[in-house]
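Summarising the annotation, TrEMBL assigns compositional bias 'Basic and acidic residues' to C:1-11. Annotation source TrEMBL lists region 'Disordered' at C:1-33. What TrEMBL records for C:13-33 is compositional bias 'Polar residues'. Residues or ranges marked as ATP binding site by TrEMBL: C:GLY133, C:ARG198, C:GLY199, C:GLY223, C:ASP224, C:GLY225, C:THR226. Among the features that TrEMBL reports, site 'Important for substrate specificity' is placed at C:GLY225. Marked as active site, proton acceptor by TrEMBL: C:ASP254.
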Number of protein chains: 4
Amino acid sequence: MALSNSKREVEESNNNNLGTAGEPNRNTNSPSISFSPVNLKKVPHLTDYLQLENLKIYTNPLDQNRFFHPSHGFYFSPSDVILRQIVYDLSSACEAFSDSDPRVHVAYHRAGPRKQIFFEPKNTRAAIVTCGGLCPGLNTVIRELVVGLWELYGVRQIFGIQAGYRGFYSTTRNPLVLNPKMVRGWHKLGGTVLETSRGGFDLHQIVDAIQTNAFNQVYIIGGDGTMRGAVEIFDEIQRRKLNVGVVGIPKTVDNDVGIIDRSFGFQTAVEMAQQAINAAHVEAESAVNGIGLVKLMGRSTGHIALHATLSSRDVDCCLIPEMEFYLEGKGGLFEFLDNRLKENGHAVLVVAEGAGQNMIPRTAAQTEERDESGNLVFLDVGSWLKTELKKWWARDHPGELFTVKYIDPTYMIRAVPANATDNLYCTLLAHSAIHGVMAGYTGFVSGPINGNYAYIPLEDVAQATNAVNTKDHKWAWVRTVTNQPDFVKS
Amino acid sequence: MALSNSKREVEESNNNNLGTAGEPNRNTNSPSISFSPVNLKKVPHLTDYLQLENLKIYTNPLDQNRFFHPSHGFYFSPSDVILRQIVYDLSSACEAFSDSDPRVHVAYHRAGPRKQIFFEPKNTRAAIVTCGGLCPGLNTVIRELVVGLWELYGVRQIFGIQAGYRGFYSTTRNPLVLNPKMVRGWHKLGGTVLETSRGGFDLHQIVDAIQTNAFNQVYIIGGDGTMRGAVEIFDEIQRRKLNVGVVGIPKTVDNDVGIIDRSFGFQTAVEMAQQAINAAHVEAESAVNGIGLVKLMGRSTGHIALHATLSSRDVDCCLIPEMEFYLEGKGGLFEFLDNRLKENGHAVLVVAEGAGQNMIPRTAAQTEERDESGNLVFLDVGSWLKTELKKWWARDHPGELFTVKYIDPTYMIRAVPANATDNLYCTLLAHSAIHGVMAGYTGFVSGPINGNYAYIPLEDVAQATNAVNTKDHKWAWVRTVTNQPDFVKS
Amino acid sequence: MALSNSKREVEESNNNNLGTAGEPNRNTNSPSISFSPVNLKKVPHLTDYLQLENLKIYTNPLDQNRFFHPSHGFYFSPSDVILRQIVYDLSSACEAFSDSDPRVHVAYHRAGPRKQIFFEPKNTRAAIVTCGGLCPGLNTVIRELVVGLWELYGVRQIFGIQAGYRGFYSTTRNPLVLNPKMVRGWHKLGGTVLETSRGGFDLHQIVDAIQTNAFNQVYIIGGDGTMRGAVEIFDEIQRRKLNVGVVGIPKTVDNDVGIIDRSFGFQTAVEMAQQAINAAHVEAESAVNGIGLVKLMGRSTGHIALHATLSSRDVDCCLIPEMEFYLEGKGGLFEFLDNRLKENGHAVLVVAEGAGQNMIPRTAAQTEERDESGNLVFLDVGSWLKTELKKWWARDHPGELFTVKYIDPTYMIRAVPANATDNLYCTLLAHSAIHGVMAGYTGFVSGPINGNYAYIPLEDVAQATNAVNTKDHKWAWVRTVTNQPDFVKS
Amino acid sequence: MALSNSKREVEESNNNNLGTAGEPNRNTNSPSISFSPVNLKKVPHLTDYLQLENLKIYTNPLDQNRFFHPSHGFYFSPSDVILRQIVYDLSSACEAFSDSDPRVHVAYHRAGPRKQIFFEPKNTRAAIVTCGGLCPGLNTVIRELVVGLWELYGVRQIFGIQAGYRGFYSTTRNPLVLNPKMVRGWHKLGGTVLETSRGGFDLHQIVDAIQTNAFNQVYIIGGDGTMRGAVEIFDEIQRRKLNVGVVGIPKTVDNDVGIIDRSFGFQTAVEMAQQAINAAHVEAESAVNGIGLVKLMGRSTGHIALHATLSSRDVDCCLIPEMEFYLEGKGGLFEFLDNRLKENGHAVLVVAEGAGQNMIPRTAAQTEERDESGNLVFLDVGSWLKTELKKWWARDHPGELFTVKYIDPTYMIRAVPANATDNLYCTLLAHSAIHGVMAGYTGFVSGPINGNYAYIPLEDVAQATNAVNTKDHKWAWVRTVTNQPDFVKS
């Protein structure tokens, strides 16, 4: 069989190449990868639960756009797919194709305009809502949803739900009527003009409001909790057999959502974090035995901290939730810092907010306290580290000068407008979401996979996480760049 | 055979899904992609032309790094590959596998540290040279080559060749001795501390100098001309059977190099271009019938112009070399601008420097004049457009107020330091280049493919170009975002 | 007489101190300055030409402000003055008091709220107009006029005249109704939301429109031409005996207006110019014999060029209109640059747009061409210099590498929003203008003199210029900072 | 007598003008100000305590500068003075001249080059030290001292004392040898390359070190504590009759130093504070009943908070140490915020770190704790306010959404490089200090008074403070700009 043959060839060629001392690191010749069948991730569609006789199909109005002439290849079809896994170890291809590796074979539908759509623009009523904390690019997504629906599809009834999920059923805050003129400069504003809030999720009130307001497209922008809410809304809409498309746009400055390449606002956050790191570096350098300590966003993942560290090159050590660390003893943080201070006279430390949570002593109250999602409240790892550092120095270097400057730039990072990269990303994100909803897809998320925009089942995204895999090839060697301790006790 | 079967399945399932009016846009079930064999792009290696008895193999010193313990999966092997093509049209899979599609089957070696290396750090003498025009990130690449060689591999003899290729054999400018302390803050400086120049390529003098100076690793950073020079150097080194690794690091702010995802400095350029577009927008808005005109870099490709336009959302029309346009008549630029001025009172135009070159009248002298590479000199499309716009208005709207403000921000864009995204990119680029050279690869380029760093034959990169494909699915729908004319005469 | 006595004392004490070799540079003891009478610059007032019986006086509504309680010293009276001259040479006090020195004795009324006002807020109709080119801070001034009139005085009828003077009588553009909500974020926008244009000054149409629209307060923001127009409007309003207050707010990014300390937007321009100079510096440094050349705004004065040079410290030579320079020969620019290139390998040149105009050869057409104000058109000194530099090098250093990078950042500088310093300045400028108009002053300008806001007759400002005095003590020593040639042939 | 006559005239003219209801606010005619004698502030000079026979006088080497020809008026003489008081109330001129008004008559020597100097460049050994906290511009001052001494006066022995006062006598840190090449790009770096520290003042060790190292010029950059130390050093140097010039350069980002117009770094701090205020504004706007709270530097004075507030225009209320405020009841902060939240849905609060210190409850420990200067430690007014706001809302609006986002940007503000305005300021500051020391002045400070650089006795500056005078005319009306409560209980 072709598959096993090709695998064998790979193994053999590798054996040949690596097994001989005289020919290490040589290239393999003509290996093969076969995979069959492709696991194409099905995206829910209105036709899944609605009778066809109740659905009308229209030609995409882009066909009549006065500015361009859709050429061959302009529209996507369901057979346009994108592969999720793109790196392979040819020598271990067997394992790679086992059922236990969920990444193998997986493909997603590509995002983009479809030739036929399921909504008549003049009868389309779209609702947009933002939930949870701020993230650079929120306003760009809103703006582009409005501009895209209006300019490309001719939709004229677009509404902004105010202040999060509770805005659907709020008695004091009516949906805002949105149009391109109104949202014109929003992509240059931080925050969300629609306002946001946490909580307020009341499934039945929300779906009732969707019905009452006759919304037939709902764009939900928010974090993982919000996405889980969106799944419930989608399920309830199916149950009620409503002709309503639901799309989720994951918003997490931490970049902790899975499947997609990265979340919007992340690049801006990494860029803005440089300012804080620069300041910490300057403070540390200008002092005698100065330590600059910066806490960056990242409750469950250290992406911002890691990227900001790699971008900055002024950071001596970066602590993230995915990596255990310890303070005292050989290979510990204190020993490392001691060496750096001796060598350079200063050091810069970046810590993700979720790092070291299990090391910080909790008061009785803190052991009880839970956040809105029922998790233990986060303790301020920055303040704790600052205190521990001072105690350590006073104990080990009594009388010697020492300074720790602690910077928490969280709000100054997340409240800025998106940078150019994120603005472009948010724009394509919004437009691809529109194309999908218009084409009748629902209960989905739009996002980039390996650089191409795809449609992904909402439920998959709501469950996926995106941790820094410290064992992964790439991250392993990336870690060498910083030359910081790996806190592996040897 | 598995291949044809799977293809047939795809076609069938697509036929089923798309052929029925009642079920358009539905998902396909269990389609297959099979491809065999993989076309793994061979990267030249020292062992290709040197006798094994003359080569020594060493254990990677990262094994003894005092900061971390290489875990399983830390080192890459030649069987770690990355696929180049990741999007497929399942319905036309047959064509996709034809020989005429060079993207199919192609895989590249992943970049990263190898367990065995071919250079003894204490005897390694590395030379770094920058050629051609400025690009954000040049200094970061240099810095990281120095830091990576020094910190990770313990190399202590690192030299900066000054002022481009001619610096190899210059009698007045000796190679600079580089070390981590010296390059410490370079990643925050624009330009190149090593200085650069165009031309000066003298193959034999350069390779002689490499021999005289006993350099055994040569890092060449430059544009397409420079890369072609690097190929010649590599060929000559092979011919002379020198134990010298040669690696190219493509530098093109225009992003016109093929195969790799994008070139360094590009994101920074797009970010900086926003300033110019903002200024043009403000000038246009504040005037009566105001037009803001911005010329952006891009001689053969419009990537910067296109990305800057999509990021900005304030641009009415973006002209790039890959797309023909015309001024007069129905569907022309003047008609479009006329409408925009009537609607909004102002308009913003972005033009890539290579756009419309064949439309600008050339003087006899300009018809003769060639640049250093023998191409016709570029004419200033911005000045020409400004003049044409003024003539048009004076002719069609005599007596009415009209303003064109023309901005050429080229040097203010390319002379800035890299932003965070590009700094990270340059860092990984430099480190992956080092790992490759150390492992004995030569005549190669390191760069990201679908988000993962890979090794690519230098020759392939030197020949590849990266135009904006205006017919490509993705770019086609992206074009709708701007809602600008497509200049297709209907 | 006291005056002559005191003067004599000064002279004597100075003679004593300076005449003895043994006691140079000693302090003088108890010298005197007497001046009498003070020349207090009269600001026109509505009562100058209107009968008192036609004017009503009201208590300043700030008295009833719900937020604060005007304390003693809150209101200014006409006797609150500010001195213009503050530096004296005690040894030459005699001359200083001669009639020929216009600076001596001069005092101005301080700006600020008056206890009694001449406009009833509910009947006040204010018009705001912006004329001429862009300048950072324009929108802040507009915003603050609106907010100040509305919040502090309770004025509810505020209008924005569109697109400059012609907007008063335009048939297509009606005055915009302005209120605080509308102007809320304007201070963060570059340009002028009211739009602007040059020319369009038609005295009678304008004053007719003022009457027709029943405007009784007119705020005119513009350059020197605009201010001269404002004088005419004020004169005509007096002639017609209209109860209309007219105030001018000088706008000149060049800082070429006299009497006041500096014009708004100037600091922002100097700040933004750093970007261009940095880019020029990077380009120059990264090349072999690289010259970075930046043209900055300043037609008749070199303030921006000079301040940008002193702020940057990367500039080798700064050429301004107030200082003659020459290219060839001893002490010339070429000799200077030759030395700098030999010493440093690069040089940066800043040139104000008005510098060297008489050195640039004019074509016959250019000798005839006049701008809207009847002056010879300006030629591009930057392009000319670039050409001359290249010719010089080719002649004197044939075959040697040489690069000139020329940057003209004009629009990128003037189209940005005001920085914090200018925003504060514009805010106080607008508020002090409001207080003055409300108090019945008219035909005046408000602006800072020696750091304090004052009221100045409009006519005086329209005539005053503000050149860099290269012979002045302060500027003389400031010139030493740059260590550049003074182009005085010795 | 002229004086009484002139005063009477003023009073009479004012009586005339203001006494008649029909002619209020009119201009006075020909009033007079006479003052005699001038109180010219003596600056200490080497000749005050050293015998002339021991002092040599040299011609200023600027006379031989190869770049310019000192023209008439280039050098300053001791008779060049600047007046301190420039605003007068003509109606109360009598009081103004009373002895109790210290501002009257006061004049200072102007700063700038003198024709004769007291140090031979080749024998000059200059020491530069930075003490206390960071401030934007520190490195510019250092750089310009080096460049000015080297380029203008030909001094070749310039030393940087490391890490503050203790660096004079440190056994581990030798003085750094400084030269123009070394300090080249320092003005673009935040912090201080020389490092700094608090405390470490040991008078005798310091002066001993000055003697041991044969320093004859000492440039001391630091805050008020540092300036008081500098006075002691100057006194001790006089006592020991050392031929050593001592100059202080006040560094206080808070702008709390008296006499001079403003301190360096202040404008940069106000600019940077905008970022924090913007973030707070965005967070507040994007929430339901959102409050953004920003703490800015300013222990004893609210200059940064006040200027940042006036520059931003997004701040609803600014609390500074110079103004009492209260939370509860009519006219209190809570009532004000309640109204703002009702009107706008959000509010932004800026608080200087020294505001409300007496309102924050102190623990027993905090009541005892003193800082290095013996003052009660500062409590974090921001955290306290945040807590109080939350308590208030929970009490008065139970169940309603409410958010307070607290931002403390201190280190991110003070660690940045100086902006253009401050870079220029620092440059002139350093150069004027050099000219003064070279001319034999000692125990002085150089700084701008009414926009012109002057020499001021060090002792005066060490004692002067610069509070925001909330009763002053100017600040009174400036307060109206923000329309915030004055917390005066009526």
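Here, residue 1 is simply the first one shown, and the rest follow in order.
Cβ coordinates come from backbone N, Cα and C, glycine included.
Whatever TrEMBL says is automated annotation, not expert-curated.
Here the features listed in TrEMBL are painted onto the structure.
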residue  : record                       : Cβ within 10 Å
C:GLY133 : ATP binding site             : 22
C:ARG198 : ATP binding site             : 21
C:GLY199 : ATP binding site             : 15
C:GLY223 : ATP binding site             : 20
C:ASP224 : ATP binding site             : 22
C:GLY225 : ATP binding site             : 17
C:THR226 : ATP binding site             : 25
C:ASP254 : active site, proton acceptor : 27
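C:ASP254 (active site, proton acceptor) is 17 Å away from C:ARG198 (ATP binding site) when you measure Cα to Cα. For the pair C:GLY225 (ATP binding site) and the residue listed as 'active site, proton acceptor', the Cα-Cα distance reads 14 Å. A straight line from the CA of C:ASP224 (ATP binding site) to the CA of C:ASP254 (active site, proton acceptor) spans 11 Å. DSSP assigns C:ARG198 (ATP binding site) to coil in the three-state reduction, placing it in neither a helix nor a strand. Look at C:GLY225 (ATP binding site): DSSP puts it in a helix. In this entry, ATP is bound by C:GLY133, C:ARG198, C:GLY199, C:GLY223, C:ASP224, C:GLY225, C:THR226, whose most widely separated C-alpha atoms sit 12 angstrom apart.
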